[in-house]
């Protein structure tokens, strides 16, 4: 019983201390998790393109089991990524790490078998749907991802589905959860899958490879290096180029407990893998793990065996397949089985028990109740070379011991030892082990009542913590865990933690409620719908205009119950939405911090919105990235409400931008930063506002990192916002049943408002998209549909000037013969057309998007609109002003910023909407030519220093 003061890299192998600062030993290099995900197991001895040779012990600190192999095809070194010349290389039997002989002594990348012991703070991954990832490699088995694979939505971990159970819980730690304290923020290294042209930060040589898993990259600051060179870098991470835009993890608090990562990061259920995994973090459920990796001919000299690692795998029928020679001794079979499950302990502590065919073929409900009998030695004695000599299925079992050495980790990080080792006997309980651990850690003077012993299961999908009862016999518990799953035992860790836990507090955002109620009414409504517990649940924030509230829940179990129940509940016919929200500790933000709040509409731009959502979660803190189809923009503004300075990036079309700006207008008085600047990444079809602000006609696959840099360098400009009051008259409803009479309502406008023919075309397009949304995934197709509906209306004539009346500044304006009336705030309409035109006119002021004026333009029909978009004509200039009143004599199509509907007869009043909004205009990459009038209008006027109007 002695303190293990050496680094964790000596967890199981090796008598020599690893070099300080190496990825295998240094907690600094690992960030808050291991520096890289683990490699993975080969299917067995002698598999793959290499032929077996003499064994060579690998570096003790990295835990590899190297053997010399004869190469039969071009092979690259996983350390230096160079080609291995000659016929000999060194292959790790467990994780498939390949190396030059000269590189062996420099290997610091830990083997998958020892990787869990190197995790500093276990953080589960968040796997999205399966996909094809070209030139990517599995972080567990180090092989290419040729079939559909899984990718973490938060970090750059890529794995095969059947490798998921063996992936380390070493995801980025993006928030404080009350279990650890923090000194400095360290690099979080991830191995491999770098761009082929990536250069090492230390030696400036190429460190990326498209042939093997090589090189490391910090997932916060993006610095790249060789795994050996990374030891020369300072352990502290500064967040790199995006430092001021990233929300630091130490500034985010989320006491999530058993909420999954999908819930914590508000990732919609549609992004989850289609099929459940093994246990909490298991392999794909469609096929048992490891099955089908190698198909052998009937006359092969080798045999394949199914290996189960415990009762849980037997019940679920999840097994690994190993390949061994038909004449293999039982010891060889045992070693191959242990390697398949990445168990790197002494083989003498385990045995293989044969499973009779009646056990592994019976119904899954009875399989787990059948005891396995027969050892490998007994089965092997039936005669080598015979297929009956070795059953098809075996189960790995740990041999019972009367005592074991158990590693106990301190739950606080500011300590000089990684863990202490304690001898556990049949008389050892959680209380006696706790007393011994406190003595070795030097905390015995504080009293054992202030501490507790926790069991932590470090699953790749979820990290589960269990507080052990004082009288829990630990030796019996260890045996039970091994009986359940040997793999689970390698992923289980015991911690001494302070028992004065942080008071439970979970913020739940609930939307979909009726509008306009008080806090007491919302509380009563929720109590009736989901039976909230009065002493544990309170309404902390009310957004009555949005029909949403934020609940403070003082119990983890109650928060979890409410979350699951609310998602399946409807109130007054409307389904409710529930989100788990973090708290931003704004007082801990650095003085120069200006974090970026990102909103992404995944339905915009085909699949590009979904890809951007994943990219921004990895480049920034995922707590600052919000999916608009999962709760809208309100949760994001609520989370950032106390941040003194922040900016906003909206990824979507003009309608999405308007949605976010409207929410910002409603939340302005609740924000510590009431006027955040807004940037746009255009994903829609027209993207007129994005064009004016120089963000382009549409996103075409630019590097997301470059997009963020452009946002950081963008200039702030002002833009007018307009309010449109819609007041329908009941008397006119009888004339035309197309329009439904509604009470007066208000909509916000940023770009333009169209009445008549252009709104009618938008409405036809909208209806076509609603009928077949799957076809509207490309900008080119969308514009084709616009052309088609336009051609259908080319001979249409309704005489709009006879059906409406226009007042400007309370003065009646006579309308010419037109089919469409358009109010424009920006010099771009209909995918970039200049509707007002560039000709000077003494009757009107030069238009700008921040001048407090709207321009009124008329079009005579579809042909005229086509000529405007082709640059052959401009619209008919009618008026310019700041207050408009339009009287609709009949039900008429209306569109605002591309969102169309049929408006009933009545009045439309358009006026300025209070403060101007601050927008971000992309900085020009080239010097601007002596300006054309159009350029000058599009630029607007930059915001003077300190101007907040």
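Each Cβ is built from the backbone N, Cα and C atoms, and glycine gets one as well.
Now, the feature entries from TrEMBL:
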- 15-27: compositional bias 'Low complexity' (COMPBIAS)
- 918-931: compositional bias 'Basic residues' (COMPBIAS)
- 63-111: domain 'Phorbol-ester/DAG-type' (DOMAIN)
- 124-171: domain 'Phorbol-ester/DAG-type' (DOMAIN)
- 186-237: domain 'Phorbol-ester/DAG-type' (DOMAIN)
- 402-501: domain 'Ras-associating' (DOMAIN)
- 591-728: domain 'DAGKc' (DOMAIN)
- 1-65: region 'Disordered' (REGION)
- 272-295: region 'Disordered' (REGION)
- 359-389: region 'Disordered' (REGION)
- 917-949: region 'Disordered' (REGION)
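Most Cβ pairs under 8 Å to the domain 'Ras-associating' (402-501), among the stretches 63-111, 124-171, 186-237, 591-728, belong to 124-171. Of the ranges 63-111, 124-171, 591-728, the one with the most Cβ pairs under 8 Å to the domain 'Phorbol-ester/DAG-type' (186-237) is 63-111. The domain 'Phorbol-ester/DAG-type' (63-111) scores a mean pLDDT of 88 in the predicted structure. For the domain 'Phorbol-ester/DAG-type' (63-111), the DSSP counts in helix, strand and coil order read 3 helix, 14 strand, 32 coil.
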